[in-house]
């Protein structure tokens, strides 16, 4: 696996080694888990070359503590990527991505950007879209692989690619879950054993609910030891965000299926 630590190196690799080949791109913030691995395996099966990025983007964190405590396990991530036979790891610094600071930003005006995560985390989608645009311009992939767990993010990136005439196809892959139904997330690494027990209780509640009374469901989730931030039906999906201790988790799933594995 080739590791590119800056944009110049990646451009050199792209120009010299992967001309005329189909490129799949999996953007991550590191702390890789089986959800990321499923995206990478999908990309490997459909492309000649796979690029994975690891960049914890500071501009999409509205909570400084969340940014500071985001899991960092670069050496372990490199081992995982090497075991998957990833072709290129792009691991830029903040200075590479924001050489002059955060002077220009994408400000989404879509309704979906202002509800749920957009309402709960002001500025999050602006920072996310800005860095995704930069990463797509740098890597110039044929295919971009995203997880369904970040459903709002996926919808906004689709609009970004459309509005900026980016010649990249978006492939959305199913959410990977633990047997309890809890979606895999890098933030799960910050959960204690007690937190995990609470999460399992919450997902037992969710699996058994028909989502006809969200107020009652809210009380059940909070009584299980979580602090629900929001739960909402949107079209045929259920969206929710909650805290277990200091760890914030999000999920979405089809109302008919619930959080099934």
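Residue positions begin at 1 at the first shown residue.
Quick reminder: no glycine exception, Cβ is built from N, Cα and C everywhere.
Going by Swiss-Prot, these are the annotated features:
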| type | residues | note |
| --- | --- | --- |
| BINDING | 29-36, 147-150, 184-187 | ATP binding site |
| ACT_SITE | 36 | active site, proton donor |
| BINDING | 60 | beta-alanine binding site |
| BINDING | 60, 153 | (R)-pantoate binding site |
Per DSSP, three-state class assigned to residue 36 (active site, proton donor): helix
Residue 29 (ATP binding site) to residue 153 ((R)-pantoate binding site) - Cα separation in whole Å: 14
Nearest of the recorded positions (36, 60, 153) to residue 184 (ATP binding site) - Cα to Cα: 36
Residue 60 (beta-alanine binding site) and residue 36 (active site, proton donor), distance between Cα atoms, whole Å: 19
Nearest-integer angstrom distance between the alpha carbons (Cα) of residue 186 (ATP binding site) and residue 60 (beta-alanine binding site): 15
CB contacts for residue 31 (ATP binding site) [other CB atoms within 10 A, all chains]: 21
Conformational class of residue 29 (ATP binding site) under the three-state DSSP mapping: coil
Set of same-chain residues at least 6 away whose C-beta sits under 8 angstroms from residue 35 (ATP binding site): 147, 149, 175, 176, 183, 184, 185
Proximal residue to residue 153 ((R)-pantoate binding site) among binding-site residues 31, 33, 60 (C-alpha distance): 60
Pairwise CA distance, residue 31 (ATP binding site) versus residue 60 (beta-alanine binding site), rounded so that it is a whole Å: 17
36, 149 as recorded positions, winner by CB count within 10 A: 36
